[in-house]
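For reference, the structure is listed below as structure tokens.
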Amino acid sequence: MQLNPSEISDLIKSRIQNLQLAATSRNEGTVVSVTDGITRVHGLADVMQGEMLEFPGNTFGLALNLERDSVGAVVLGEYEHITEGDPVKATGRILEVPVGPELIGRVVNALGQPIDGKGPINAKLTDKIEKVAPGVIWRQSVSQPVQTGLKSVDAMVPIGRGQRELIIGDRQTGKTAVAVDAIINQKGQDMFCVYVAIGQKASTIANVVRKLEEHGAMEYTIVVAATASESAAMQFIAPYSGCTMGEYFRDRGQDALIIYDDLTKQAWAYRQISLLLRRPPGREAYPGDVFYLHSRLLERASRVSADHVEKFTNGEVKGKTGSLTALPIIETQAGDVSAFVPTNVISITDGQIFLDTDLFNAGIRPAINAGISVSRVGGAAQTKVIKKLSGGIRTDLAQYRELAAFAQFASDLDDATRKQLERGRRVTELMKQPQYAPLSVADMAITLYAVNNGYFDDVEVPRLLAFESGLQQYVKAKNPALVTKIMTSKELDADGEKQLVAVIDEFKKSWA
């Protein structure tokens, strides 16, 4: 069969007209260099700050440096398989992590992936790790307490729901112990907890998880772990991931407590990333925005109004306020609270619990230094009975420390000074508390009432804690109705006081 030229041209024209090409537009670049988990990517246009980039092998990275002709990105996870010339795709999405009640009782990494070997987490929702903190209009003042179960904290530096209270001290002073005790004491308090472990040994995190399981605390706790063996990028994003998981409860009219253990290691990880990205170093080689690193995280902890909750849930939850309470931990070097990161976080938070090495070594645990520990907003949230009974405790301790230092040089002391020293010695002893043994409000009220009214004054110091424990058990056995009344009303009225005095007097007679 032969075709003439006109037929051939008609055939070609019809083919061209009927040609359909499926064109897909894709923002793609090429890896120029890979060093220590940092990649430089050339050819990516329209990339957002913090956008997720997709590398070969189902690996993702975060775009952190947006420069004129390249993008500096940090790889989340393993980067050994990424080589120069590999294609990189922009996803157009900001990093999100799974949120919701499905995560409760699980141990996850900074990306919300389970690492506890208990199978997948079928979370229905995800949320961005970087979010804007609630505005002033949507906040409410702190007025409800977070009971830690520690006498020295609840009496001297009370914490309220929605507060940010810093726990600061040298290594091995019991910072994590205070935080873990606070989590254990939330059992039955209608509070969800998130424990974020940053840059710690995997064995240390496993110990904390085991203790939480032993005390039944994993029933309301999520553990986010970025271990020391993980990349700096994972340690940097872990607190933001944990915060997003906590905000899920806050924005739905529930209460949550988040512990960042510790933010010093997050600052180190961020410093490492920034130096590798060739950002100019500042004080202590930290980048210029290290204050913003922590302020944007800690400002997300707040108590939000019922209007915020109603708006967020589209009217499903009405008349309930939500809160996210943060307990960030900072590790100091040789007690230097004037270093860069400690001063930053002190200025951001609503108070600090300072743990002292000397007190810890002297056996006073928790080793809280009453002189420089403070809670700027917690007083308004303190339980009524504890507030009423704890007034003189802090002053007694602070004055005792000063007098004790002075008394070392003075040979003869007047009666008033000797009396004050004796009282200070007893109050110091009574503030001691074993780990994983948080006290109820009623137990605390019994101890504080007894110490304020001189019932411990004639008990020898070594026997004080045994006397205190015996007294608490005796009151519970002899007058359970009074204990229940204190627990429910959170107050000690004149009638309750009369009953308590009678029981304490009875106990003192039987105590030998």
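Every residue, even glycine, has its Cβ placed from backbone N, Cα and C.
Features as listed in Swiss-Prot:
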- Gly169, Asp170, Arg171, Gln172, Thr173, Gly174, Lys175, Thr176: ATP binding site (BINDING)
- Ser373: site 'Required for activity' (SITE)
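Ranked by how many other Cβ atoms sit within 10 Å of their Cβ, the binding-site residues Gly169, Gly174 place Gly174 at the bottom. Packing around Arg171 (ATP binding site) is summarised by its Cβ count: 11 other Cβ atoms lie within 10 angstroms of its Cβ, all protein chains included. Highlighted in sequence order, Glu331, Leu355, Thr357, Phe360 have their Cβ within 8 Å of the centre of the Cβ atoms of Gly169, Asp170, Arg171, Gln172, Thr173, Gly174, Lys175, Thr176, the residues recorded for ATP, and are not part of that set. DSSP gives Gly169 (ATP binding site) a strand state. A Cα-Cα distance of 17 Å separates Arg171 (ATP binding site) from Ser373 (site 'Required for activity'). Calculated from their C-alpha atoms, the gap between Thr173 (ATP binding site) and Ser373 (site 'Required for activity') amounts to 15 Å. Shown in sequence order, Glu331, Thr332, Gln333, Ala334, Gly335, Leu355, Thr357 are the residues of the chain, 6+ apart in sequence, with a C-beta less than 8 angstroms from the C-beta of Asp170 (ATP binding site). Gly174 (ATP binding site) sits 15 Å from Ser373 (site 'Required for activity'), taking the CA atoms of both as reference points. Ranking the binding-site residues Gly169, Gln172, Lys175, Thr176 by Cα distance from Ser373 (site 'Required for activity') puts Gly169 first. For the recorded positions listed here (Gln172, Thr173, Thr176, Ser373), the lowest count of other CB atoms within 10 A around the CB belongs to Gln172. With a cut-off of 8 Å between CB atoms and residues at least 6 apart in sequence, the same chain places Ile167, Ile168, Gly169, Asp261, Asp262, Ile329, Glu331, Leu355 near Lys175 (ATP binding site), listed in sequence order.
According to DSSP, Gly174 (ATP binding site) is assigned to coil rather than to any helix or strand.
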